[in-house]
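Participant: Got a structure for you, written out below as structure tokens; questions coming shortly.
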Amino acid sequence: MVPREVPESSLTSLKTKDVARRRHKRRSRQHQRFMARKALLQEQESLSMVPGPGLCPLPSPTQTPAGTEASGNRKQRTKARSGSKGLCSKRPVPREAPSSGPSKYVAIDCEMVGTGPQGRVSELARCSVVSYSGDVLYDKYIRPEMPIVDYRTRWSGITRQHMHKAIPFQVAQKEILKLLKGKVVVGHALHNDFQALKYVHPGSQIRDTTYVPNLLSQPSSLTRARVSLKDLALNLLHKKIQVGHHGHSSVEDAMTAMELYQLVEVQWEQQVASTAKAHPEDRGPDSSTDVEQYMDDQYWPEDLAQSTRGDTREAQDRQEGEEGQGARSAPP
């Protein structure tokens, strides 16, 4: 007896039904896993809302510091629930402040132009601020308070055309300081940037990348006082920056500084924490007040750096002389 052939349409319908059945099973398994996960999360949430005897209640969402990302909050809650140290001590003890999250870190770099006699006075002409992850938070050209004498394009990358869309210094200063206040600021030779901004940042919240080689125990060639960001990037990050003859890019420099900081972030923050515990009253010198180191960068012409230091000393001597003359002329 010859078997009867099955119509092709029937085979197609069988295959279609088989595929649909497999998809349904796959979706059912996914749905089961989803429901099981949902039930587990709901159970954990209910346990955290009503702590048992001896268990520490988790902080409510309103207690979470502003600026923390939602994903970070979920991770922190999961760690808190799964941690082994869930018992509260009978006697309350002071707790250390939690380590700052990535949102508390920014990197900055500024480019200056020359104003005043022979262009020896450095004023801010561009400022860039990037986040911990390298996102550009701020990047604007800034019009100095005095007329520009020397654009220093070879180093600053600033040209006359950039000033057409520049904003006044006072406006830029307010915008930038709003980003910096309360943050840990990363940068290279930050005393230059803070000097240009006419701003003093707390020393405990400064991470100057000129200190990075010391934390990595690098050769003396990288630990000299005037080590450049370009050399650090090449030797530690294996990347080339500040190439060509069009000047620096403040965005690139700020990103590079943040990458250098992240190389030694753990060691650096441990050192900062241990120093704060050992000497809570000693916050260290503030780099923004170090006038003698202003313009101390190998990319600036040596005569320009020397003249700047000379002008600073002359201004200090002149101020001291005026104060002494005022004291002598004051009535008894």
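Glycine is treated like the rest: Cβ placed from N, Cα and C.
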Participant: Motif 'Nuclear localization signal' per Swiss-Prot sits at which of 88-111, 112-135, 160-183, 208-231?
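Facilitator: Based on what Swiss-Prot states, motif 'Nuclear localization signal' spans 160-183.
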Participant: Tell me which range among 21-29, 282-290 Swiss-Prot lists as motif 'Nucleolar localization signal'.
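Facilitator: Per Swiss-Prot, the stretch marked motif 'Nucleolar localization signal' is 21-29.
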Participant: Going by DSSP, how much of the motif 'Nuclear localization signal' (160-183) is helix, how much is strand and how much is coil, in residues?
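Facilitator: Computed counts for the motif 'Nuclear localization signal' (160-183) are 18 helix, 2 strand, 4 coil.
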